[in-house]
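Trainee: Have a look at this one before I ask anything.
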């Protein structure tokens, strides 16, 4: 990260001065190194891709071609929720890699090679292509096996939403990796946090049925599942029509808009792309939180060591 330059000192005697590399150089080197490490790490990428493909095949064959009957409304909702829950939940598989990255960063940070900003940005840039592949390939299999609403624009939204969810969960797990550096404890904490968010995502209990203290305010609104699932719902049901429940109304159709408003209680005051923007904002917020926690830890850790030394004396 550093380069050595020869300068002339007093009396013309040469001496060597250590020059810091530029921010862009550090960022490029760190991004390339992280990208190569991720490619070599079987557990971080290749095994996760295999598991995602397996989950995609399982969901795709269980919900194979759900059709357009009244019962397909519930089946489509289940496909969307399981996709959001399972494929994002598997992001905890990359936790050991996050812990190792943080350990390497702390060692190299002590030598002054680079700062927190370069580490956070390079990690984001290097991970994004892998997470995009993980989202696109299993997402495409799942999407067309289940027979969700056809159309290149709808499929593109499905993949972008899924990719954004994966990036968001990775950002959340990085925060946990800094706070809880132990592998087992970190995975348990990460799974617990995602489990609570999942329960408040608006699928297992409709939004109006959630208890208002704590579970709806604030848990429902800080759960990324809410925005991901509602974006998927809008993408799937807007513009569609389904036959109504024949036991209640015969020879009557129900619009996708009515399904969203009455059956699923989706907030229709904004478009599905706003849901993507909210997820993107949450992902950026988590990365900023990670940056802030690492910076605070850098300042607090030396003070704690000094206090321990004083106590030992």
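Glycine too: its Cβ is placed from the backbone N, Cα and C atoms.
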Trainee: If TrEMBL is the reference, give me the range from 79-99, 226-246 marked as transmembrane segment.
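Mentor: The range carrying the transmembrane segment annotation in TrEMBL is 79-99.
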Trainee: Quick one: which of 15-38, 183-206 does TrEMBL have down as transmembrane segment?
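Mentor: From TrEMBL, the annotated transmembrane segment range turns out to be 183-206.
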Trainee: So what's near the transmembrane segment (79-99) in sequence-distant terms, Cβ-Cβ under 8 Å and 6+ beyond its ends?
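Mentor: Same-chain residues near the transmembrane segment (79-99) but 6 or more away: 38, 41, 43-44, 47-48, 51-52, 55-56, 59, 63, 66, 135, 138-139, 142, 146, 148, 162, 165-166, 168-170, 173-174, 176-177, 181, 183, 186-187, 190-191, 194, 198, 201, 203, 225, 228-229, 232-233, 236.
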Trainee: Excluding the flanking five residues on each side, which residues at least 6 beyond the ends of the transmembrane segment (119-143) place their CB within less than 8 Å of a CB in that stretch?
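Mentor: For the transmembrane segment (119-143), the sequence-distant neighbours (Cβ-Cβ under 8 Å, at least 6 residues beyond its ends) are 27, 30-32, 34-35, 38, 44-45, 48-49, 52-53, 55-57, 59-60, 79, 83, 87, 101, 105, 109, 155, 158-159, 162-163, 166-167, 170, 174, 287, 290-291, 294.
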Trainee: Give the nonlocal contacts of the transmembrane segment (155-177) in its own chain as ranges (CB under 8 Å, at least six residues past its ends).
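Mentor: Counting only partners 6 or more residues beyond its ends, the transmembrane segment (155-177) has Cβ contacts under 8 Å with 83-84, 87-89, 91-92, 94-95, 98-99, 101-102, 123-124, 127-128, 131-132, 134-136, 139-140, 143, 148, 186, 189-190, 193-194, 224, 228, 231-232, 235, 272-273, 275-276, 279-280, 282-283, 286-287, 289-290, 293.
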